[in-house]
Amino acid sequence: MASLEVFKEAKSKGEQEGCTRDGSVDLHGRPALRERTGKWFAGVVILLNQVWLAFFRCWSEFGAVLTRVLQQDNAGAANSVSKWTGTVYIFSLVGAFLSDSYWEDTTCAIFQVIFVIGLALLSLATQISLLKPRGCGRGTSPCKPHSSWEIGLFYLSIYMVALGNGGYQPNIATFGADQFDQEDPKEGRSKVSFFSYFYLALNLGSLFSNTILGYFEDEGMWALGFWASTASAFAALLLFLGGTKSYRHFRPTGNPLSRFAQVLVAALNKWREKIPPGEHNLYEAGADHGSDHTANGGARKMLHTQGFKFLDRAAFLTSRDSEQLKQNAYNPWRLCPISQVEEVKCILRLLPIWLCTIIYSVVFTQMASLFVEQGDAMNTNVSNFRIPPASMSSFDILSVAFFIFLYRRVVDPLVRRVRKKGSLTELQRMGIGLIIAVAAMLSAGIVECYRLKYAKKDCRHCQGSSSLSIFWQVPQYALIGASEVFMYVGQLEFFNAQAPDGLKSFGSALCMTSISLGNYVSSFLVSIVMKISTVDNMPGWIPGNLNKGHLDRFYFLLAGLTAVDLVIYIACARWYTSMKLEGNHGENNEEAGYGV
């Protein structure tokens with residue numbers, strides 16, 4: 001009997017015995033029992049893990065460390081933060097590849113260990129070598145120049161943090177969603193909800209870190225803040241390991257790069273072949289072709305779709321292929337199952353949507369760099385208390401929490417009543433996120449215009465040099481938070497739902513990699529803007545003294561770029577075609593209504 005039939009028989013037997021229907025297994029590789037594994041118990045453990053990891057998320061401090069401790073200027077620090085943040089998300093591809101191909105949930109534990117080690121090294125480096133003389137980096141108290149090895153140790157530690165954080169982040173989102181059986185209607189709805197709660201957990205943890213760590217930063221207590229981050233990450237690791245017995249798992253599907261290469265090579269080998277219309281000449285593993293070859297183990301079967309017809313040649317069954325199958329001499333570099341071909345088509349269709357999210361990430365990354373620098377040059381005093389500019393991102397987090405609640409409890413039920421097609425699709429929500437991002441940049445630009453109007457141009461140390469209150473930044477942070485709920489939560493749901501079964505972590509990594517490229521594009525834009533705006537000895541748009549620059553023009557530039565990106569995104573979303581899946585009982589589970 002073919003191995004695919006054995007797998008289906010095992011799943012059918014498992015259903016009768018109270019097991020999950022999606023092929024998930026327990027810690028020992030046995031079919032996962034529905035009542036003893038997964039669901040919200042495992043999901044809540046993973047959500048709490050994320051809250052603890054975010055409680056003392058210290059990279060909001062990196063920009064201030066670079067300017068106050070390492071003495072970089074504003075533009076240089078903004079570029080360094082953007083490059084570091086971009087590298088975090090590039091590492092997400094590494095973690096997703098290892099998870100989908102070989103390690104599965106083990107990837108989450110391994111990269112969390114690397115994350116803890118990186119934070120411990122950063123704490124030691126800051127306490128021992130960077131803060132000299134003691135108390136430097138606070139206000140106008142400068143630190144002594146640092147040697148190359150001290151700076152190198154700092155960068156080594158923060159890039160270990162980048163590797164650890166980037167490696168586990170996409171996998172933990174996918175692993176959390178795997179705790180819900182999408183073949184069960186009730187658990188399927190919980191799986192969709194999980195992504196909203198996952199993003200909310202990240203932000204609620206960050207609310208604590210942005211306020212407490214912001215205070216540590218403002219007081220120059222860098223080492224204490226980093227040690228607190230290390231302790232919080234270690235506690236999160238122990239919590240994750242403690243839930244091991246309750247988790248559901250999926251067996252890794254092997255190296256996706258070789259599967260993609262096989263499709264391309266097989267299609268090129270048959271580029272001269274004339275393919276008749278219809279699907280009866282396309283090969284599918286497990287069909288009656290004299291072979292028991294299976295391409296993807298227990299993954300759901302992907303059905304043939306139109307488009308990218310050249311790739312269909314990889315599955316075209318020639319007389320030569322038929323003879324080889326009868327002799328059990330299957331060659332995957334000449335003939336690929338249609339499910340394998342559809343995997344490649346699926347990824348190719350996702351790429352235009354993914355590219356359109358990069359400009360949004362340019363907007364998003366301004367919160368960690370230019371928004372903070374802008375706030376630092378505003379009036380931050382309330383009575384005798386100084387508000388740390390980095391802590392203003394708390395309004396972004398509160399906005400995320402508010403709009404997640406508003407969307408799930410008010411907007412979504414209302415839309416389902418009004419629209420015959422039901423809820424807004426992920427693509428529609430992502431488009432709304434882009435519209436709100438344009439409004440956020442316009443708000444930031446207008447606030448900067450008024451900040452400059454009330455600023456002291458000739459200040460030497462320009463901290464708090466404008467009489468405009470820092471609370472005028474609240475609208476831009478709140479709008480960014482609202483856009484995240486539509487864009488990033490929608491992205492997580494969309495890429496996870498539309499990625500093939502063996503590439504779910506890769507789907508989550510696409511979301512994070514768009515943030516990565518957004519940071520690199522932001523760094524590139526800052527460099528280009530400074531190069532162009534500093535001709536003829538002009539100070540430029542983003543100088544060290546923002547009162548002599550035009551940060552407002554940079555914000556308006558981003559608003560314009562996002563508006564153009566929205567138009568391109570709408571065209572790509574209209575073109576997008578969803579993948580078609582065959583469920584456990586042979587039904588066609590095509591996801592419909594993904595257009596804008």
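From the backbone N, Cα and C atoms, a Cβ is placed for every residue, glycine too.
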Checklist entry - Pick from 1-23, 277-299: which stretch is listed in TrEMBL under region 'Disordered'? => result 1-23
Next on the checklist: Ranking 81-103, 109-131, 350-372, 554-576 by the number of C-beta pairs under 8 Å to the transmembrane segment (431-450), which range is first?
Outcome noted: 554-576
Item to check | Same-chain residues near the transmembrane segment (554-576), Cβ under 8 Å, at least 6 residues beyond its ends | outcome: 349, 352-353, 355-356, 359-360, 362-363, 366, 370, 427, 430-431, 434-435, 437-438, 441-442, 444-445, 448, 525-526, 529, 541-542, 594-596
Checklist entry - List, by number or range, the same-chain residues at least 6 past the transmembrane segment (81-103) whose CB is under 8 A from its CB atoms? => result 59, 62-63, 66, 110-111, 158-159, 162-163, 165-171, 174-175, 252-257, 365, 368-369, 502-506, 508-509, 512-520, 522-523, 526
Next on the checklist: I need to check the long-range neighbours of the transmembrane segment (109-131): which residues 6 or more away from its ends have a CB within less than 8 Å of a CB in the stretch?
Outcome noted: 53, 58, 65, 69-70, 95, 103, 137, 143, 146, 150, 153-154, 156-168, 171, 220, 222-223, 226-227, 229-230, 233-234, 236-237, 240-241
